[in-house]
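Some features that Swiss-Prot has for this protein:
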type     : residues : note
TRANSMEM : 10-30    : transmembrane segment
TRANSMEM : 33-53    : transmembrane segment
TRANSMEM : 137-157  : transmembrane segment
TRANSMEM : 189-209  : transmembrane segment
TRANSMEM : 236-256  : transmembrane segment
TRANSMEM : 292-312  : transmembrane segment
TRANSMEM : 313-333  : transmembrane segment
TRANSMEM : 340-360  : transmembrane segment
TRANSMEM : 370-390  : transmembrane segment
TRANSMEM : 393-413  : transmembrane segment
TRANSMEM : 418-438  : transmembrane segment
TRANSMEM : 465-485  : transmembrane segment
Amino acid sequence: MKPSTEWWRYLAPLAVIAIIALLPVPAGLENHTWLYFAVFTGVIVGLILEPVPGAVVAMVGISIIAILSPWLLFSPEQLAQPGFKFTAKSLSWAVSGFSNSVIWLIFAAFMFGTGYEKTGLGRRIALILVKKMGHRTLFLGYAVMFSELILAPVTPSNSARGAGIIYPIIRNLPPLYQSQPNDSSSRSIGSYIMWMGIVADCVTSAIFLTAMAPNLLLIGLMKSASHATLSWGDWFLGMLPLSILLVLLVPWLAYVLYPPVLKSGDQVPRWAETELQAMGPLCSREKRMLGLMVGALVLWIFGGDYIDAAMVGYSVVALMLLLRIISWDDIVSNKAAWNVFFWLASLITLATGLNNTGFISWFGKLLAGSLSGYSPTMVMVTLIVVFYLLRYFFASATAYTCALAPMMIAAALAMPEIPLPVFCLMVGAAIGLGSILTPYATGPSPIYYGSGYLPTADYWRLGAIFGLIFLVLLVITGLLWMPVVLL
């Protein structure tokens, strides 16, 4: 990093904090609430600019608030209560996010992904689908979609799933048909395959609660603001019709809107068969991994009344260790899992403070006043559309969720007529589906964009078309189906 060119990334969050803190406190807010909001906004700016890793930004924000808690976190009335010790209370708040069940669910899901990777099961599943369905280009598109679909429930990093598992496999396919990157031959088959790679990643990120870290962040924000939540099964059932529709429609739609020149061939199945032969038969570790994953999915879908989803994940990780699918070193050395663990817990802590200080309720009432006179359905749809389109301005799904989701939740809470579970699920689906809009919206986007098979103009055009289709289908199913299963 060059200090002469990057110093502003460090100063910008501090400048935002100072500017907001110096502004007059809005009517209806207490001084400590406004100062807390100033630091919270500075953290969001830090997450967007990333002068340091996001987890560090969030931890610095928490440290500032906890140290200055008499002026930022607690009201004068709280401080005046007999026996109130702000030092103990601020510490309790600072680490509260780490006890949130959502944090442990996503950490467990990361370990599942490690098991998939170490055993080779994820790669084997993708290769089997490519071998069976790769004779026709359209079916190859479905093979990419189904591969993502199978991996998504237990791979909460869509970057690890899309860029780490799927992309390394499908990037080998176009050259088998002399379809080369940055060449006129790219449209032969490579462009279609690469577009299917990124669009399948975005679709599957919306289908499952554990398919993308920001989904779980949203649930944490929802729980901290309202004490309501969505279980793994709620999310799955609420998304079911839209999921089926998108899984079946998208490969065909891409085939029509971005047609490959080559329609069929045998090179891909032969290559996949060679790779599978090199892997050998299904080993005992893969079988154990497959059995545990099926068991976890069954309990996530049907066991919500008997065991918490996070406890399912925690127990399965313990079994993975006992069965030697993964080792303890795999857990302690998994930098991606610990990184998400820390920033997600920290962001949930910050969002909890935003609610505890009274900002969420104040902002919700402010929005409710400006939206009064409109039907709840119109308000809900308008908020979803605005939230969806604002994706163009964010290069991080985490920053996008943390910056805008609390405001969306506040608006819904301020209008009791808006069904919060339905609204939050629509917001969650919009996070994943909206990632298709730009070549920088989510982790795998730059990987596929930089493959040499997706020209800039094509990516933006297809992103807008597919993004619009996704938004329309989301609104329709959100209004017609989700209330049936969630209310």
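Heads up, the Cβ atoms here are built off N, Cα and C, so glycines get one too.
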(request) Give residue numbers and ranges for long-range contacts of the transmembrane segment (370-390): same chain, 6 or more residues beyond its ends, CB-CB under 8 A. (result) 400, 404, 408, 411-412, 415, 417-418, 422-423, 426-427, 430, 433-434, 467, 471, 474-475, 478-479
(message) With contact taken as 3 or more Cβ pairs under 8 angstroms (pairs 6 or more apart in sequence), are the transmembrane segment (465-485) and the transmembrane segment (137-157) in contact?
(response) no
(message) How about long-range neighbours of the transmembrane segment (292-312): same chain, 6 or more residues beyond its ends, C-beta under 8 Å?
(response) 101-102, 104-105, 108, 112, 115-116, 153-154, 209-210, 231-234, 236, 319-320, 323, 325
